[in-house]
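Beneath this line is the structure, given in structure tokens, with notes to follow.
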Ligand code: ATP
């Protein structure tokens, strides 16, 4: 559906004509009523995400799996030989498996979709003659919008008024060089990339400013067209999930090979083919960890949800994994470590700290060379207005008396802002920048040549107190400025940031501050938030010093420095690269357009949700809803927790699966009767994977998680310690099941009763081991992770299901089980306790060994826990 009034060439006709055609006065914008009416008519300005396959198709897709094919075949074969009950059970398992897969997939997908919508997007629009900020989804064709550097173009537009605007259209055209825009029409045949008079939804304004009329919204935009074409469902995949998927494929192949061999052996020994067939299918189904990729996706999705509750919105899933391995966080100062609530607390004139009354001219300059209004604008500039008010001046009157005729806006590159008010101009900005342009300074006794030494002294004193210092100068156009004085402002540290910095330091994560502010201020704030113990302990490098550094020393110097001051955005990229060359996993914050390359390059690019630009948010892996450093720390904590829980799940599920397969395999190899028959294996597989295994995804974060060093970036998922544990527990499971089975038979119980005991023992040991998995390498009762409702619920449900299996007659018929007595349950209890004790003892022994090895080799090795 095209939602434009006339979908024809907007690019080849003059902008005024387009405005007329769209029924809007470019000076007034649409009226609110008209905009509402158009919103009704054209719908919201949102590209509906390609919906992907429908639910039915997604459900059917769950059956598309070699393993399921084999199961279905097994069911058919079983039925053909008259085993209708078994066939029915197998059919039930197949359906249940699909439903579980479907529910899991939908859950993970929904969680992620909801999050991607949370990244805010707004547009500045002219309505009823006034500029206002509205959610971009409410834009309609005909709206007049303003675009500035850093904004994402919110809809397709025809530019009407352009000041040096450049737009990065790579999202649309693939062209990486930004395009210079103008309001002029181009030839009718021009392709999208050449239509300089138009700008398109989803592209980024990298420079300048423009005003434009919206020509198309939502699905009618060029971007909408493309998205409909691509229409790919987002895949929930990360390097880790891919690695795991590959692992489970390889494992499956190996298991199938073993199953085929077992089949041949059994048939050779004279077991009937159909019976043997069902047995090896049970072996394969039991042993293959089908649920692994889905479970991993769930663990990651839960991590994403938990992070969002802590103020960190993850934009792409791999970031969840990477976050836990972060070794360095490079953070902004203003607004992230500090509150960005500025108050002017000191003034200096002629090299001396003075009272506000003596700094009157400075205050006037602060009012005029200023874009803010009380309560609205840049906090630095608001502080200047408030300081003038506090000193008894009237900002409104001052501004009315000297209307502004020209502006050179503030940019973080030159750290200065200039305004001209007819015959007089003002300059404000970083002290070095302003002072470098002044030959004279104003003093209480009139103008005299600038005393640079005195200025430097007082500047150092003020920055040493952690104050942000701005210099002010006045000039008559055409001649050199005269320095008027300094205003110094206080920006209190965020209390949460102080705690978060401390947590990061104890977690072995290096926190570095990167700021545009002065070295002295940065040093003092670094000490105030606990980045270093005292201001003098901070190693500081300025942007200028960075450029001077010889290449050979660069990486070492960067790694050893805590504070980078007066740094330009371009240098942030150099810093990220240097740290990555040293093997670090780097999280880097940024808010401006120029920060985008560094954010993209960083392992975790972190953008600000409140004060950042769209450009930064788009380049980032994570967006902080509150701009707070503490949210980064919380996200790292969650990232570590996610990785822990993944390891816990894997450590639990692999022995469970292998044990299930081995019970069958061992019986075949020994030529013994099966202690657990195929449908029973399927039962165990289905119930425990869901009700026991998945509880690990909800495990609470371990208490000491931020007290240990980051995991080495290259550490593999499957360590030797994990493999040892898998082998140990698989053996425990098999031995316990066989022992119970044999003992019960020997005690004179029927086959069905003995098998029921074996199943219950098997599940009991699985549950005991699950408890053990709650802490991977420390005895769980010593390193008690706290109560977990999910764990209790899972174990409770599993116990309930086993009781049903044992005592409900229908279940007895379907699953060939029989009610058992107290002794049988004592077996379950005993086996569970013994297995638990063995695994815990194993942990203790290996923890000792690992610790001893760690002391001799300088680092801890062999421990199972993911670091
Ligand atoms: P961070 O990167 O930690 O956010 P920051 O916000 O202090 O650092 P910038 O905003 O780039 O960095 O400011 C750098 C310097 O530019 C400040 O120290 C100040 O001297 C000057 N400055 C900041 N805001 C203005 C402004 N509105 N007008 C003039 N100069 C300014």
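Even glycines carry a Cβ here, placed using N, Cα and C.
Curation does not apply to TrEMBL; its annotations are automatic.
According to TrEMBL, the protein has these features:
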- 9-83: domain 'Cation-transporting P-type ATPase N-terminal' (DOMAIN)
- 1-30: region 'Disordered' (REGION)
- 67-100: transmembrane segment (TRANSMEM)
- 251-270: transmembrane segment (TRANSMEM)
- 276-305: transmembrane segment (TRANSMEM)
- 649-674: transmembrane segment (TRANSMEM)
- 680-701: transmembrane segment (TRANSMEM)
- 722-742: transmembrane segment (TRANSMEM)
- 754-771: transmembrane segment (TRANSMEM)
- 791-810: transmembrane segment (TRANSMEM)
- 822-839: transmembrane segment (TRANSMEM)
Stretch-level contact, the transmembrane segment (822-839) and the transmembrane segment (276-305), CB cutoff 8 A, at least 3 pairs: no
Contact between the transmembrane segment (722-742) and the transmembrane segment (251-270) (at least 3 Cβ pairs under 8 Å, separation 6+): no
Leading contact stretch, 251-270, 680-701, 754-771 vs the transmembrane segment (791-810) - CB distance under 8 Å: 680-701
Beyond the flanks of the transmembrane segment (754-771) by at least 6 residues, Cβ under 8 Å: 652, 655-656, 659-660, 663, 674-677, 680, 683-684, 687-688, 692-693, 695-696, 729, 732-733, 736-742, 744-745, 780, 791, 794-795, 798-799, 802, 805-806, 816-820, 824-825, 827-829, 831-833, 835-836, 839
Long-range Cβ neighbours of the transmembrane segment (649-674) (under 8 Å; 6 or more residues past either end): 255, 258, 262, 265-266, 269, 279-280, 282-284, 286-289, 291-292, 295-296, 299, 681, 684-685, 688-689, 692-694, 696-697, 717, 722, 725-730, 732-734, 737-738, 751, 755, 762, 766, 769-770, 773, 776, 864
Predicted model, mean pLDDT over the domain 'Cation-transporting P-type ATPase N-terminal' (9-83): 81
Tally of DSSP helical, extended and coil residues in the domain 'Cation-transporting P-type ATPase N-terminal' (9-83): 40 helix, 1 strand, 34 coil
